[in-house]
Each structure stands twice: as C-alpha cells, then as structure tokens.
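K.L.:
Just passing along the structure, written as structure tokens.
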C-alpha cells in the first residue's frame with residue numbers, strides 16, 4: 001500500500017532533523033509535478049487539498065489518482081485534508097480512504113477549539129488516521145477563509161501543551177508570524193516563540209504560510225522543531241504566470257498538452273527548491 005498517513009512521515013522528520021513539504025495541488029498537472037519531482041529526488045511529500053480542491057476534483061478521483069501515481073513510482077504518498085472545518089465532511093472523506101486530516105477550529109475560543117478537535121481525533125484514530133490541528137491563527141486567505149492581519153493570533157506556548165494533551169492530536173500547526181498568500185515584504189518570524197513552543201510540546205510542529213519564505217528562515221524553523229512545511233500560493237503563482245506568458249507568446253496555441261508544459265516546468269522548479277530547503281531529498 002503506497003498511500004499512507006502522515007504520522008510516520010512526520011515522526012521520521014522529527015527524528016531526522018528535516019521537514020516534509022505539504023504541497024497543495026489543484027488538478028492532474030499540479031499533482032504530476034509534485035509526485036514526479038518527489039520520486040526523482042527520493043523525497044517524502046504530502047499531497048494536500050483544501051475543501052475547495054476536493055469539491056473541484058472529487059474525493060474518489062483524487063484518491064484514485066494519488067494511489068495510481070504512488071504505485072507507478074513506487075513512492076509512498078500521503079493525501080491530506082488541509083484546513084477542513086466540518087466534522088461530517090472530514091468523516092465522509094476518511095471513510096472514502098483519506099488517512100491524514102487537518103481539522104481547523106483555530107477561529108473558535110480555546111475551549112471550543114479543543115472540543116471540536118477532540119471530536120475529530122476520537123473519530124479519526126479509530127481508522128488510524130493522523131490528525132493535525134492549529135492553535136493561533138494565521139492572517140491571509142486560504143480557500144474561502146479570510147483572516148485580517150489584525151485578527152491573526154500567535155500560538156501561546158503554555159496553551160499549546162494543554163491543547164496537545166487535551167485533544168490527542170498527532171501534529172500541531174503553530175502561528176509564529178507567517179500568513180497565507182505571498183508576502184509584500186519579508187515577514188518577521190518569532191523564532192523565540194517557536195523555540196519556546198518546542199520546549200512545551202514534543203509533537204511534530206507544522207508551519208503554514210511558507211510560500212515566499214527565504215531558505216534561511218525555513219531552515220531555521222526546522223532547526224527549532226518544524227517538521228512539516230505547507231506551500232500553496234507559490235505553486236499556483238508559478239504555474240499560472242508561466243501559463244499566461246506562454247499563451248501571450250503563442251496566441252495560436254490550442255493544445256493543453258503543449259501549453260501546460262511550461263507551467264509544469266515553472267512549478268517543478270518551486271517544488272524542487274522547497275524539497276531542498278526542507279532537507280528531505282533522499283529521505284523517502
């Protein structure tokens with residue numbers, strides 16, 4: 001079986017001092033880029049999809065595609081529910097075969113966040129499904145969820161331990177100054193906060209909003225305990241811009257098999273760089 005949960009992947013990363021990248025995909029071509037690049041570099045990767053992606057492509061279609069590509073390349077893959085908020089939606093996808101879940105109740109008060117997450121954990125662990133949850137709240141937009149910068153909240157290290165112990169989660173997404181989307185200027189990450197969280201919580205830690213971060217910042221977060229790096233916007237931007245450029249230069253182009261190649265190539269460069277930044281090449 002080539003489609004797995006993220007639990008062992010992230011535990012291996014925690015022991016090995018590297019991070020596993022979670023790449024948000026949107027269609028066949030973006031999935032091809034991620035899987036082919038990961039297989040060529042022998043790197044562990046996570047195929048992530050927001051609720052919008054699963055609605056667009058269909059859960060059964062995505063699962064079948066991931067399974068087929070994992071088997072084709074003899075490469076273990078995890079398909080992961082990114083920023084899912086509804087219990088019934090998560091339960092349906094788990095019953096369909098998903099083995100890695102992020103339940104995002106970070107917008108709720110602390111006690112309600114715990115309650116919502118624990119409900120999902122109790123259900124998912126019956127199916128050996130790994131669960132990630134978020135404490136604190138990132139600014140920016142992910143799918144249809146918009147969080148103003150003023151409403152973004154950093155993770156409280158002491159609360160993080162209570163949250164992890166009360167919910168039984170397998171990994172914790174932290175808020176230390178990143179945001180969803182691309183940055184107009186380099187963000188000021190709170191490395192001391194991350195170091196403090198690591199002292200209070202022994203679970204694999206997750207960094208969302210990594211698109212556009214410098215190699216130096218990514219590698220510093222890994223040294224301080226980040227085991228999973230989420231990248232979405234940077235992939236979409238590189239793919240879309242290359243496609244726009246190609247069609248502008250070749251207005252006569254009508255065959256997707258031709259004009260999508262430049263988009264895939266541009267995205268492949270981003271995937272390769274993120275894998276290198278995460279230090280996970282050769283770790284699969």
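Glycine too: its Cβ is placed from the backbone N, Cα and C atoms.
Not my notes, these are from Swiss-Prot:
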ACT_SITE  82  active site, proton donor
BINDING   83, 180, 208  Zn(2+) binding site
BINDING   181, 209, 210, 211, 230, 231, 232, 233  dihydroxyacetone phosphate binding site
K.L.:
Tally every other Cβ atom lying within 10 Å of the Cβ atom of residue 210 (dihydroxyacetone phosphate binding site).
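P.N.:
There are 26 such Cβ atoms around residue 210 (dihydroxyacetone phosphate binding site).
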K.L.:
Which secondary structure state does DSSP assign to residue 208 (Zn(2+) binding site), in the simple three-class scheme?
P.N.:
coil
K.L.:
Can you tell me how far the Cα of residue 209 (dihydroxyacetone phosphate binding site) sits from the Cα of residue 83 (Zn(2+) binding site), in Å?
P.N.:
12
K.L.:
Return only the integer: C-alpha distance in Å from residue 83 (Zn(2+) binding site) to residue 230 (dihydroxyacetone phosphate binding site).
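P.N.:
With distance taken Cα to Cα, residue 230 (dihydroxyacetone phosphate binding site) is 11 Å from residue 83 (Zn(2+) binding site).
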K.L.:
Using only C-alpha positions, which one of 210, 230, 233 is spatially nearest the residue listed as 'active site, proton donor'? These are the binding-site residues in the record.
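P.N.:
It is 230, whose Cα lies nearest.
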K.L.:
Across all the protein chains here, work out how many other Cβ atoms are within 10 Å of the Cβ of residue 231 (dihydroxyacetone phosphate binding site).
P.N.:
27
K.L.:
Using DSSP and three states only, what is residue 231 (dihydroxyacetone phosphate binding site)?
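P.N.:
Once the DSSP labels are grouped into three classes, residue 231 (dihydroxyacetone phosphate binding site) ends up as strand.
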K.L.:
For residue 208 (Zn(2+) binding site) and residue 233 (dihydroxyacetone phosphate binding site), what Cα-Cα distance in Å is obtained after rounding to a whole number?
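P.N.:
Between the alpha carbons of residue 208 (Zn(2+) binding site) and residue 233 (dihydroxyacetone phosphate binding site) there are 11 Å.
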